[in-house]
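For reference, Swiss-Prot has these:
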type: BINDING; residues: Arg46; note: NADP(+) binding site
type: BINDING; residues: Arg122, Ser123, Ser124, Asn243, Gly244, Gly284, Lys299, Pro300, Thr301, Pro302, Ser303, Arg325; note: FMN binding site
Amino acid sequence: MNTFGRKLRLTTFGESHGNAIGGVIDGFPSGVKIDEKFIQAELDKRKPGGKFATARKENDKVQIFSGIFEGVSIGTPIGFIIFNENQKSKDYENIKNLFRPGHADFGYFKKFVIRDYRGGGRSSARETAVRVAAGAFAQILLNEFDICVQSGIFSIGSINKGGEISNAKNLKMDFDYAQTSEIFSLFKEFENEMKNEILNAKNAHDSVGGNVVTRVKNVPAGLGEVLYDKIDAKIAYALMGINGVKAVEIGAGVKASEMIGSENNDEILPFGKFKTNHSGGILGGITNGDEIIVKSHFKPTPSIFLAQNTIDESGAVKTLSLKGRHDPCIAVRGSVVATAMMRLIVADMMLLNLGSTLTSLKKFYL
């Protein structure tokens with residue numbers, strides 16, 4: 001499906017080399033002052049260009065055409081569009097019948113038979129620009145509650161020097177610095193090594209993967225459901241839906257399976273504070289008021305410029321040599337997308353939580 005969320009719903013449309021991509025946000029509350037400059041600034045973070053991203057030059061100017069009146073949300077669907085301006089479909093003519101290793105081509109062909117081969121069509125990460133715009137709307141709503149969502153690069157390829165994330169309180173991740181870093185690095189001291197890792201892969205006509213950490217500050221306790229809408233399950237669902245994400249860890253993640261209970265448990269201090277944060281701010285599918293900490297693992301960009309073996313639509317063995325413009329490391333711009341998806345999840349869960357108690361219902365209706 002092309003719709004995400006329960007109370008706050010985002011529906012996206014468009015393909016990589018089509019005329020435009022866009023989205024409709026439904027369920028956004030009325031009365032929220034919309035800062036369009038902030039939305040554009042978030043899109044600019046994800047915008048292609050530069051030596052650490054694809055050379056495809058897109059302005060990514062968002063045009064909002066509904067749901068906003070005199071700069072304020074009016075409670076109706078918010079529609080917006082981003083026109084594609086720099087497609088080079090001819091780069092894909094020679095491979096239109098071939099399946100690119102590491103891409104969704106083969107699966108799309110088996111499912112739909114007809115597919116848009118230009119830049120991957122609907123499966124392209126180009127669509128994530130829409131998610132970033134929608135996530136910016138969600139952050140504007142979250143700002144009303146002083147909730148801050150940020151992401152940054154924790155590691156690139158073999159450059160993984162940030163330490164164990166099992167207890168994020170002990171790590172010196174600088175999320176504010178990451179917003180100014182060319183590659184969104186959480187560690188200023190390791191940034192050049194990470195950059196070199198990307199450039200070395202790029203110069204070898206190859207690519208490299210990376211890890212992104214997302215943090216939510218000032219999130220209230222009590223968000224999430226006890227069974228099938230656990231907020232950690234929703235977060236994993238949202239982040240695994242980003243192109244190239246192969247694994248998601250919350251808090252200590254897989255490291256928790258190596259601990260003993262007395263080590264993994266976060267002792268509770270006065271005023272509802274926690275000594276450690278192995279849980280990543282979530283217990284029993286519900287937030288506990290500590291920071292939400294999540295790590296997303298991105299695979300290397302599948303589009304590389306080395307010859308690869310594959311087959312065509314008839315099953316004949318072929319050799320694939322790609323052209324075009326591709327990110328040497330999708331984790332870099334993926335960090336912006338991870339932020340957007342987390343914003344949408346938290347905002348959705350806050351809206352869902354409104355009817356969880358009789359007290360909250362009475363406050364609204366009486």
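Just so you know, the numbers here start at 1 and follow the chain as drawn.
Glycine is no exception: its Cβ is also placed from the backbone N, Cα and C atoms.
Listed in sequence order, the residues of the same chain lying 6 or more apart from Gly244 (FMN binding site) and placing their CB within less than 8 Å of its CB are Ala125, Gly209, Phe298, Lys299, Thr301, Pro302, Ile330, Ala331, Gly334.
Most other Cβ atoms within 10 A: among the binding-site residues Arg46, Arg122, Lys299, that distinction falls to Arg46. A helical conformation is recorded for Arg122 (FMN binding site) in the three-state DSSP classification. In three-state terms derived from DSSP, Ser303 (FMN binding site) belongs to neither a helical nor a strand segment and is classed as coil.
If you compare Cα positions, the residue listed as 'NADP(+) binding site' sits closest to Ser124 out of the binding-site residues Arg122, Ser124, Ser303. Of all the Cβ atoms in the protein chains shown, 20 others lie within 10 Å of the Cβ of Ser124 (FMN binding site).
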